[in-house]
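For reference, the structure discussed in these notes is given below.
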Amino acid sequence: MSDPTTPKNATPAQQPTAAERVAAEQLAIEQAHVDRVHTELAKATDRASLVEAEGLARGRTMRTGDVRDEEMSGLFERDALVFSSHKRRASLEMEHEGLVFGRLDLDHSMPDDGPAAGEVPQVDEVRYIGRLGVRDDDYEPLVVDWRAPAASAFYRATPVQPHKVVRRRVLRSRAEQVIGIEDDLMVPEPPEDLPVVGDGALMAALTRSRGGRMRDIVATIQQHQDEAIRAEARGVTLITGGPGTGKTVVALHRAAYLLYTDRRRYERGGVLVIGPSAAYTAYIERVLPTLGEDSVALRAAGDVVDGLTGTRLDSPAAAHVKGMLRIRKVLARAAKAPAPDAPEELRCFVSGHALRIGTAELQRIRNTVLRGVRRNDGAKAAREALAQAAWTQARSQMQGEILREDRERFFDRFEDSREVDAFMESWWRQVDPREVVLWLADAERLAAWARGVLSLEEQEALSASMQVALDTGTWSVADAALVDEVLARIGLPQVEVDTERGFYEIEELEDASQYGVSALKGGQGREETAYHQVTPTTAWEKLLHGSMEAPETYAHLLVDEAQDLSPMQWRMLGRRGRTASWTVVGDAAQASWPDAEEALAARDEAFGSLPRRSFHMDTNYRNASEIFAYAAEYIRRHEAEADIPQAVRETGIEPEEHTVAVSGAESGAWATAATESATELLDAVEGAIAVITPEAHRLDVEAATQELREQNPRVIVIDPMSTKGLEYDATVVVDPEEIVAESPGGARVLYVVFTRAAHRMVVLTEG
Ligand SMILES: Nc1ncnc2c1ncn2[C@@H]1O[C@H](COP(=O)(O)OP(=O)(O)OP(=O)(O)O)[C@@H](O)[C@H]1O
């Protein structure tokens, strides 16, 4: 291990400068403290089980007003067990991710708005801030958890309002080694023995290269971000702002903060983070664990409903039909319709009467029953209504006086009839909600359900997209909300209990080949449905694989890229957030959902009467200002109302535009140009490079860059919609015009694409 006190570039011939000597001394001081913390932690880990119980008890306390900061910090500390697993992960992390990342030098006698003119503050407390709280044997705090009230000055102090902070210091570490220091001074004149080192932590953090995963920002959370993170838990917290303003990362820190302040409520009730795609959840999945929080569920919008995972993107036309509220009417009609294999009439012989109940009568019975009960819960009511209709017919065949015994005998016989059993099994069989959505592929049936609701083009787009599901055995992202809607209408498929059987007998259903289900039968009133664990082979089996569950509810829902959610998706989330508080993050100018008004109304319905508070982020921390200026100029032309943030980091490097000579529909030229640009960028940046291509050129671009990608895994090819929420060191944007033409959000999606690069961007246009 190299000596941290030796300046990086010193050679034996060079004497370190005075500034370098000071930096090295300061580094050594901080290293000594970090070492002490790690020694205490090792001891604490040995006492782990004891501390664990204590830690859990502490986590339950809610933050209150007047308690002293230090006392509260003690209450908020986490246990060493959490740390030990965290530590293993942290040791894999790069810089900025040390356990101790901050230090405050405080002067408690300093007024809130800073020292009087000419007065030099005197430091009377040094406080370290870290990912969790650690105390020494005498219960003196060595590090304060970043979420504790005693740490808040670290994020709130500014030269205008220092909050008693003289100097704020950020420590950069690699595992347990401190490798850098960045100071911010909060007073005009520091005490003589308080040196100031580095160029400021934020700039250092923003200049670093981007890998495939988002990182936490605990060390450099800005004041306005801190306010959103620590906002009250109840109700709805809306976080808006343009691209790269830290909305996502702030929301994730907020989730960690909520867990910290009310662990019992949020761990037990559950916190769900919903993002636009699986690529997005993979991108953010490390942030919460590096903050010591493992209990948060992350799901992509297509993966919210148990029993299906929608990853495919529909055509813009199909996505639109599936997302708007009008589709509810179509689903309601489909949910009431007989299954395609249902018999059209009942013929039976009961109590000496030959009976026939025709299609119209069956439909009338079906409609009446469904007015009072959900389809999958309605078999008993349907059978009773059928018996009643049959009795009316039988009675009309009878001569003379009809006795009460005749009636009773008829109903008993009807109940015992095997013919009726067989009829009911197919006429009112249990229906999987996923199946109902797949019925929409049948253009003829769809036409009946969509009459007066969907135009012909809309019907075509819808049935064609469901046919894609049937052909490929895959769901689209938008399908999840449709299945959830049908589930809410018809209920979960139930399997009738045969009380004569014992516990846990597995019985194949007659239509198991269709469903992929078998009934797990329990004794005495237990009703459950178990699904085969066998690997599905046909497309149909794949689509219906896995058990459907009633919507799980959560204590907190964090919705990212909320501007992309359709009204139907808001309804799906609303079912999971009936008793939840919400954090909702979005930027209208990046929306891929075209009808903002309807989506807002559905969103408001999901929130109900909960109180709301809003935070607006206006600084872009992602893009070099030259790249953002290019993107901003573009979106201003297309969305006059766009919320344009201020990018804070200049690089002096403009985005490059290259023209590509293309003939006809041929994509080869795009692919060649994309490969060349990506190759050049490999030398220009250290981190991830994304080639963002529309579907029209995807196969060519993938093929042309294959070798390059195999040799350099930091180069990837991705479609425009999947880049939502993500970022890279550099991007190659292929054929912007085609991106606009293909995307449901048109120019807004291209704006997303233009704002993904932190350091370099190359745009390939048709020449
Ligand atoms: N205080 C901060 N310190 C360091 N980095 C920050 C800070 N705030 C934001 N960032 C960085 O800025 C980048 C953009 O953040 P984030 O992805 O959360 O923005 P966003 O508003 O959600 O963007 P978009 O709407 O474009 O998806 C990330 O790399 C994030 O780590």
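For all residues, glycine too, the Cβ spot is worked out from N, Cα and C.
Please treat TrEMBL annotations as automatic predictions, because they have not gone through curation.
The compositional bias 'Polar residues' annotation in TrEMBL covers 1-17.
The region 'Disordered' feature in TrEMBL is assigned to 1-21.
Annotated domain 'UvrD-like helicase ATP-binding' per TrEMBL: 220-624, in sequence order.
What TrEMBL lists as ATP binding site is Gly241, Gly242, Pro243, Gly244, Thr245, Gly246, Lys247, Thr248. In sequence order, Asn620, Tyr621, Arg622, Asn623, Phe628, Pro645, Ala647, Glu727, Thr755 are the residues of the chain that are 6 or more apart from Gly244 (ATP binding site) and have a CB within less than 8 Å of its CB.
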* Shell list (ATP; ref centroid = CB of Gly241, Gly242, Pro243, Gly244, Thr245, Gly246, Lys247, Thr248; cutoff 8 A) -> Asp587, Met617, Asn620, Tyr621, Arg622, Pro645
* Around Pro243 (ATP binding site), which residues of its chain at least 6 apart sit with Cβ under 8 Å of its Cβ? -> Asp587, Gln590, Asn620, Arg622, Asn623, Phe628, Ala631, Pro645, Tyr751, Val752, Thr755
* **DSSP-derived class (H/G/I helix, E/B strand, else coil) of Thr248 (ATP binding site)** => helix
* Just checking, which of Gly241, Thr245 (binding-site residues) has the fewest C-beta atoms within 10 Å of its C-beta? -> Gly241
* **In three-state DSSP terms, the structure that Pro243 (ATP binding site) belongs to** => coil
* Structure fact -> Averaging pLDDT over all residues of the domain 'UvrD-like helicase ATP-binding' (220-624) gives 88
* Per residue, counting other C-beta atoms within 10 angstroms of the C-beta, which of the binding-site residues Gly242, Gly246 reaches the highest number? -> Gly242
* Structure fact -> Thr248 (ATP binding site) has its Cβ surrounded, within 10 angstroms, by a count of other Cβ atoms equal to 24
